[in-house]
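Asker: Just dropping this structure here.
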Amino acid sequence: MGNNMTLITEFILLGFPLGPRMQMLLFALFSLFYAFTLLGNGTIVGLICLDSRLHTPMYFFLSHLAIVDIAYACNTVPQMLVNLLDPAKPISFAGCMTQTFLFLTFAITECLLLVVMSYDRYVAICHPLRYSAIMSWKVCSTMAMTSWITGVLLSLVHLLLLLPLPFCVSQKVNHFFCEITAVLKLACADTHLNETMVLAGAVSVLVGPFSSIVVSYACILGAVLRIQSGEGQRKAFSTCSSHLCVVALFYGTAIVMYVGPRHGNPKEQKKYLLLFHSLFNPMLNPLIYSLRNSDVKNTLRRVLRMQRVL
């Protein structure tokens, strides 16, 4: 590469190649979505903390999911909003690497939390008499902490492989944030190992966990079908439907992006798919859980009534 090679110390995120008016419209729209994400997930966490009736394993994991969604959005959306206002504003090398690391951490943690939540529903429906013994607070805390720690450690592997790479080809990242595969394209060195690790990591944290969720819900379906009363079946299905919707949204988009075919999928399509994954998913999750969950709706009504009284 020569001794006169200039290494890049900052990147420019290309974001969305649109006109100024459209960018301002997207800025307003995405700002609104971002506010809804923070408000919705913050409300979920607040309600679970305030109401002792929601101090159960199911809502304990839901609070962790809401925290991950808040962190997920805070990591990518503010930078995206800045770039919509000023497309030429660069992001530092350290900032870009930090954003990549945090995005992977929160994504992996959410994958594992969804698996833990499916196991919780499996135990609740298939082994109801042993539920309290199996899902003790010690077990729940251990599973939640394991999800977070695993997310950090696996992301650290990708970061340690990414940091030594020299970046001298271009400083323009064809994305709205420092997504790892988009950043790797700018490296002026062999990135085969990095790309292999990204694919291997995606398979291990997406396909493996998703398969375990499918197995859990196959067992749940068998147990529900054995319930004699229609009311009992409806109640069992209602406790799982919200989680299934979130799993379908999260894993569906993530598997297409990172495990799907490498060819035949335009880069721009994957960019917009990741926009849905990182902006709309965190916003929709609290809506799905609040609209389809009577406990959360009842708690919200009680809190609102108390506010009126005060």
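The backbone N, Cα and C atoms fix where each Cβ goes, and this holds for glycine too.
Taken from TrEMBL, the feature domain 'G-protein coupled receptors family 1 profile' covers 40-289. What TrEMBL lists as transmembrane segment is 24-50, 59-81, 101-119, 139-163, 199-224, 236-260, 272-291.
Map these features onto the structure and tell me what's around them.
Answerer: Sequence-distant contacts of the transmembrane segment (139-163), counting only residues of its own chain at least 6 positions beyond either end whose CB sits under 8 Å from a CB of the stretch, comprise 57, 60-61, 64, 97, 100-102, 104-109, 112-113, 116, 119-120, 180, 183-184, 193-194, 197-198, 201, 205.
With a cut-off of 8 Å between Cβ atoms, the residues of this chain six or more beyond the transmembrane segment (199-224) that come close are 107-108, 111-112, 114-115, 118-119, 121-122, 125-126, 154, 157-158, 233, 236-237, 240, 244, 247, 251, 254-255, 258-259.
Panel annotation: around the transmembrane segment (272-291), residues 30, 33-34, 36-37, 40-41, 43-44, 62, 65-66, 69-70, 72-73, 76-77, 80, 103, 175-177, 179, 242, 245-246, 249-250, 253-254, 256-257, 297, 300 of the same chain, lying at least six beyond its termini, place a Cβ under 8 Å from a Cβ of the stretch.
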Asker: For the transmembrane segment (59-81), give me same-chain residues lying six or more residues beyond its boundaries with a C-beta closer than 8 angstroms to one of its C-beta atoms, as numbers and ranges.
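Answerer: Residues 13, 15, 27, 30-31, 33-34, 37-38, 41-42, 44-45, 48-49, 91, 99, 102-103, 106-107, 109-110, 113-114, 116-117, 120, 140, 143-144, 147-148, 176-177, 246, 278-279, 281-283, 285-286, 289, 295.
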Asker: Could you pull the average pLDDT for the domain 'G-protein coupled receptors family 1 profile' (40-289)?
Answerer: 86
